[in-house]
Amino acid sequence: MVIHKKRNVHGFLLLDKPKGVSSNNILQKIKKVFYAKKAGYIGTLDPLATGILPICFGKCTKLSHDLNQFDKKYSVIAKFGETTSTADSEGILLKKRSVFFTFSDLENALQKLTGSINQIPPMYSAIKYNGIPLYKYARKGLNISRNSRKVFIHNFYFIAQKKNLVKLEVHCSKGTYIRTLIEDLGEILNCGAHVIALRRLQVGLFPFNRLVSASYLFNIMSKKKIYDLDFFKKIDSFLISAKNIVSFFPKIYLSTKELSFFVSGKKIHIISEIKNSLVQVFSKKSGYFISLGKIIFNKKVLILHRFISIIN
């Protein structure tokens with residue numbers, strides 16, 4: 001039996017997360033498929049949820065924080081008339097209520113939850129209290145006081161309805177809990193509600209057409225032969241480079257001299273119309289992507305933000 005050594009893999013995989021597994025659990029499985037030394041993911045999805053879960057490998061993990069700041073879109077099916085301990089179908093049924101709302105009532109409730117709103121994070125979440133995730137307290141029956149957070153709901157609209165089941169789509173800021181949003185919607189309509197299906201449709205401007213299912217990757221791995229170099233070539237073909245994943249940021253080109261100052265952390269004076277934005281920094285000479293920088297518009301300077309140092 002040949003045991004392959006772990007590799008230095010760099011890039012992004014847009015994984016279609018399957019239902020019934022935690023984000024960290026599927027990350028560890030995908031990490032093994034790629035024999036990767038280092039990997040992380042962008043934006044936790046509940047075990048119940050499916051959809052886009054960006055996996056970052058190697059030096060691309062440095063970009064995970066920045067790329068998690070962007071908006072997200074979800075498709076959700078809510079069941080009205082029932083509340084649960086987790087605000088989804090995996091929790092214990094707490095209460096049943098009659099459902100009497102009209103379509104007009106629903107439209108008005110959706111409007112109330114659009115724009116800047118306050119959310120109290122659910123107990124069943126990965127937010128930490130004294131270094132311990134809240135869900136661990138919840139499993140012991142403990143309720144920890146949580147501060148509300150401001151989130152922004154760009155769009156929250158109706159798609160379809162079948163009896164007490166309503167399909168909705170949400171375009172929201174980072175940090176939005178869809179379970180809490182549905183729970184709040186149910187309370188506005190005086191009947192309660194919980195999530196029975198959730199799919200993340202978009203994270204920022206990640207290319208959705210590059211989505212790869214976990215089952216497809218596992219199938220490729222199951223057919224791998226000993227010393228199968230084609231296997232690594234095939235799975236690596238699913239990776240997106242750092243340069244391509246941040247391609248929506250504006251571009252700045254620096255000379256060799258400017259780059260030497262820039263990567264050492266020194267400010268570069270620059271004249272640009274770009275205002276207080278992250279930018280892609282390229283070498284004028286080689287054309288290679290070097291890192292992410294940030295323009296401070298009022299000071300007319302470019303500063304190093306994330307140094308990736310991966311050959312394009």
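Every residue gets a Cβ built from N, Cα and C, even glycine.
Binding of substrate is annotated in TrEMBL for Y177, L198; the matching candidate from Y35, Y41, Y74 at the same site is Y74. Beyond the ends of the domain 'tRNA pseudouridylate synthase B C-terminal' (179-219), by six or more residues, the same chain brings 12-18, 26, 29-30, 33, 42-43, 45-46, 48-54, 67, 70-84, 86-89, 91, 95, 97-101, 105-106, 109-110, 112-113, 119-122, 124, 153, 156, 165, 169-170, 172, 235, 238, 240, 245, 248 to within a C-beta distance below 8 angstroms of the stretch.
When the alpha carbons of D46 (active site, nucleophile) and L198 (substrate binding site) are compared, the span between them is 9 angstrom. Counting Cβ atoms from all protein chains shown, D46 (active site, nucleophile) has 24 others lying within 10 Å of its own Cβ.
Residue counts of the domain 'Pseudouridine synthase II N-terminal' (31-178) by helix, strand and coil are 30 helix, 60 strand, 58 coil (DSSP-based).
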